[in-house]
Structure formats: structure tokens, C-alpha cells
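Notes for the one structure printed next.
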Amino acid sequence: MIFHANPGVIDLGVNIDHVATLRNARGTVYPDPIRAALLAEQAGADLITLHLREDRRHIRDADVRALRPQLATRMNLECAITQEMLDIACEIRPQDVCLVPERREEVTTEGGLDVAGRFELVKAACAQLAGAGIRVSLFIDPDADQIAAAAACGAPVIELHTGRYADAHTPAEQAAEFRRIADGADAGQKHGLVVNAGHGLHYTNVQPIAALPGIKELNIGHAIVAHAVFTGWENAVREMKAIMVAARLGTQYPAASTPA
């Protein structure tokens, strides 16, 4: 049985990349990211997010193929704009594909996709994916020009990059980044886009973002995997979802006290 607390209030996409990172660290078959995804669904995840990187540093092709038919919710596949990745996505046909920038030397995704600067490439990728019946999302910075370009190239969804908000060193810096995200959510809605957000969010910084009425979905992974070390996987998923829903409803979840 899949548990959903206040469905439709705000969606939680649980990213399973770092379950695969832990598996790959020792070259074992455990922990199994497929099992993690299915348990996350049972604990209240509204979708499962996974990033098939070109270097396959965590999620592998076999993970994506094995997981797709087993999910009861949605698969949100993150990938770079390369012909290889687009072809894999069109073969597997997840419900959603989020196009992201990618550099092999980065530890994690460092910024948003430059849709305005790579407009024709992004537009063609959106068309190919849409032709396969896949809903396309673009991972972008909360920038007015990028949001307008995303709408113009035919993507129905954007995911606002919250990394700078999450990594802010001072309250003033964090407040400024939060305002950019809030303004970006408003701009996205005015362009008729579904607005999601994610990157670097954890148990003590997610509340202001989750409270924004224009945000439909948050994608969170590393913080949930880290918290699960201490509380258990399903509990970590349930707690994150409860914190998000409480923030959206204007209340405070009592356990929101430590990042992990």
C-alpha cells in the first residue's frame, strides 16, 4: 500500500542517485536503488527521480530499465542533452525527463541549463522527447531570461535550481536567493509553466521553498539518504514529505531540527 499525506498539496520526488553511489562504492549489488525506490513510494514519495549521467557514476542503464515498469508513481529521469541520452530516454519512456547540464569533473550539478544560449539544441531535444510521449522539464536557474527561453522552446515544466539558496553563507545571502526563487516561480507561472524546484534542499532549509504556492514539486535525494542512516529509509522519506506539507499548509513540523 502506498501512503500519501495530503496528496496534491506539494509533491516530493525522491532522488535515489546516492543509494546507487553507496552500492557502487564497494562494487556490490547492495543497497539496491530499485528497492529504495519502491520503499520510497510506499512511504509517500510522489515520484522517483534518478540521474543517468554520461559517466554512469551512480545510476546505471540497467537500473533505469529495471525500475521503469515497477513504479506505481512516476519516473523522472534526469539526463544531459546528448543524442545517446535522448535515445535512451525515448526507448525507456519515463513519464518525465528533466534535461540538465553536465560536466564530468563536477561533484554534482553546479548550475542551471543555459536554455537561452543553447536554444535550438534544447528546442530540438524537447521536440524529440515530446514526440515519444514524454513530459519535458528543464533544470534552470531562477533567471527571467532562462524562464522565458524555456517557455519558448516548448518545455511545459521547469525545475528551478535551489543550490545557491542551499549553499548561502549568510542569512542575507540566503534571503536574496530565496527571493530569486520566489520571483522565478511567479515568472514561470505567468509563462504557463509547471514550476518545480530542487538541489541542495534538506530538512532545515526546505520549509521556505515548500511554502511557495507556485512550486508544484521538490526533488530531494542526498539529504534523505543521509538522514536515513540515522532514522531508516522510509522514516526519512515520510519526515521530508511531512515537513514539506506542513510548510505548504503554514504549520511547523516538530521534528524539523537537524539537516541529517
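Heads up, the Cβ atoms here are built off N, Cα and C, so glycines get one too.
Per Swiss-Prot, the features are as follows:
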- H51: active site, proton acceptor (ACT_SITE)
- E78: active site, proton acceptor (ACT_SITE)
- H199: active site, proton donor (ACT_SITE)
- N15, R26, G200, G221, H222: 3-amino-2-oxopropyl phosphate binding site (BINDING)
- D17, H18, R53, H58, T108: 1-deoxy-D-xylulose 5-phosphate binding site (BINDING)
- E159: site 'Transition state stabilizer' (SITE)
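On the structure: features taken from Swiss-Prot.
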| residue | record | Cβ contacts under 8 Å, 6 or more apart |
| --- | --- | --- |
| N15 | 3-amino-2-oxopropyl phosphate binding site | I48, T49, L50, H51, G198, N219, I220, G221, H222, I224 |
| D17 | 1-deoxy-D-xylulose 5-phosphate binding site | L50, H51, H58, I59, G221, H222 |
| H18 | 1-deoxy-D-xylulose 5-phosphate binding site | H58, G221, H222, V225 |
| R26 | 3-amino-2-oxopropyl phosphate binding site | none |
| E159 | site 'Transition state stabilizer' | C98, S137, L138, F139, I140, N196, A197, G198, E217, N219 |
| G200 | 3-amino-2-oxopropyl phosphate binding site | T162, G163, Y165, A166, D167 |
Express the distance between the Cα positions of R53 (1-deoxy-D-xylulose 5-phosphate binding site) and H199 (active site, proton donor) as a whole number of Å. 16
Please give the maximum pairwise Cα distance, in Å and rounded to a whole number, for the 3-amino-2-oxopropyl phosphate-binding set N15, R26, G200, G221, H222. 25
As a whole number of Å, the Cα atom of E78 (active site, proton acceptor) is distant from the Cα atom of the residue listed as 'active site, proton donor' by 13
